[in-house]
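Residues annotated as domain 'COPA/B second beta-propeller' in TrEMBL: 341-557. What TrEMBL lists as repeat 'WD' is 47-88, 89-130, 131-165, 201-242, 245-286.
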Amino acid sequence: MLTKFETKSARVKGLSFHPKRPWVLASLHNGVIQLWDYRMCTLIDKFDEHDGPVRGIDFHKQQPLFVSGGDDYKIKVWNYKLRRCLFTLLGHLDYIRTTFFHHEYPWILSASDDQTIRIWNWQSRTCVCVLTGHNHYVMCAQFHPSEDLVVSASLDQTVRVWDISGLRKKNLSPGAVETEVRGISGVDLFGASDAVVKHVLEGHDRGVNWAAFHPSMPLIVSGADDRQVKIWRMNESKAWELDTCRGHYNNVSCAVFHPRQELILSNSEDKSIRVWDMSKRTGVQTFRRDHDRFWVLGAHPNLNLFAAGHDSGMIVFKLERERPAYAVHSNMLYYVKDRFLRQLDFNSSKDTAVMQLRSGSKFPVFSMSYNPAENAVLLCTRATNLENSTYDLYSIPKESDSQNPDAPEGKRSSGLTAVWVARNRFAVLDRMHSLLIKNLKNEIVKKVQVPSCEEIFYAGTGSLLLRDADGVTLFDVQQKRSLATVKIAKVKYVVWSSDTSHVALLAKHAIMICNRKLESLCNIHENIRVKSGAWDESGVFIYTTSNHIKYALTSGYVKGGFIAVKFHKILKEHHSVSACTANILFVHLFSMHINS
């Protein structure tokens, strides 16, 4: 799990991502609603009108609105542009657990401890339907993403699916007028209901805390106090239990489908988030906190981002690193996607698969080192337990059918990182953090004693950069000695200029530009994450943060601004940015496209 943003606050009971902006709403147990920019790591606004905990929160998909529901029995609709509550909906007789907007109709769905689910028209500000049938607190109710269905979860140990097509026909058909004789219960004079129970799912042994529809398949996931996550399937006539995911050892607070992968995420009062493989029904990953119980999960509608609320705040995270392993040589970009090594020609924009990779590792390829002399690659896989990390040595086929590329036999060995240091030699940082030099047959040629290091990077023929927690050391592999050291904490990426006269060391919030001897020339600090960088042919270093593209000169930092201003200045002052533009497009933007 990659934590992108973390807050400290009162207990977070509700979460909602904005569909377009980098915002997340968090509703707190102390009655405050917080609006965060998770990219800039800043609190944009807070809303404090509820009396008591706020459990339900949801952004509207198109309008500048969000809805909240609290323990004060009130549903509030807010305009975040006007920074105020527009109106309050009253009717529930107990705590409100969840509130959601309909994706298309002007409706709000609320679930309450008064054992009812209510549908409200937020335009007319009236309750248009009350769904009764649960005989205990209704902990959650959600609209189906595309059909006229609602799913609800209750402490009466059931999950219910409701058909609300009658409500749509009555309230939203052309010329329809809400009849005054139809009472608040949603039943007309002839006994036909606007919302009817379609399925009752029984299988949990304790109260059910959460239920959610799959975005595209006829599936439901639920989590309950029996510590189980259940998957249900439904059709027009019936619904049935598919399987159960067991592993949590306390109440399951929330469970959601991954929007794009065959995965389920759940979290629990056992202080863990678990990821389950839907096809195998087995746990894939577990993330734990020491002291905080988890209460809610949110999935971003478009990005591979999730949020989880716990006792002392929330985290925004990704399940895995999305940036593909890549290497650039001349005008060719090599990168890994979907078990293939692919080649992108910057000049022609031709993108082809050149080789099929060996399977067998459940972890994605983390980094790549390319050897143009031998046309060979080293692909490093980083395991959750670092000691289980491996690398593969491949010779790229000279000719390959892009529709059905060859799958050459690779040589796999254990090691944290492997990089080329000469035409026929590469260095491996092994699990004991010692350095091995190997030949093209993957045989150990010699072992080299190096200063303590966590990572190694290429530094020209016969040289490496060794990274520890506090700095980077230039190490001569042949002479087996350190040549220079600079202090910069936790370097993530190293970017060499084409003639290796300069190097940029990229950390989370800092960049250091050095010469070939690792003498510091320029230091840059950014308040938000530094994402990537590339050298222009004229010696300008161009880099991206989470929301800007900026540039720096080796003689000193030029204060950056927005992308249009930066590139206008670069084009005016320097004549060619073609190579760096291609690199930037890959490093920061292309990675998003190939993972979409």
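Cβ atoms are placed via backbone N, Cα and C, with glycine included.
Those TrEMBL annotations? Automatic predictions, nothing curated.
The predicted model assigns the repeat 'WD' (47-88) a mean pLDDT of 97. Count of Cβ pairs under 8 Å against the repeat 'WD' (131-165): among 47-88, 201-242, 245-286, the largest is for 201-242. Helix, strand and coil counts under DSSP for the repeat 'WD' (89-130) come to 0 helix, 24 strand, 18 coil.
Beyond its flanks by at least six residues, the repeat 'WD' (47-88) meets 13-19, 23, 25-33, 35, 94-101, 103, 108, 110-112, 120, 122, 125, 301 of its own chain at Cβ-Cβ distances under 8 Å. Helix, strand and coil counts under DSSP for the repeat 'WD' (201-242) come to 0 helix, 25 strand, 17 coil.
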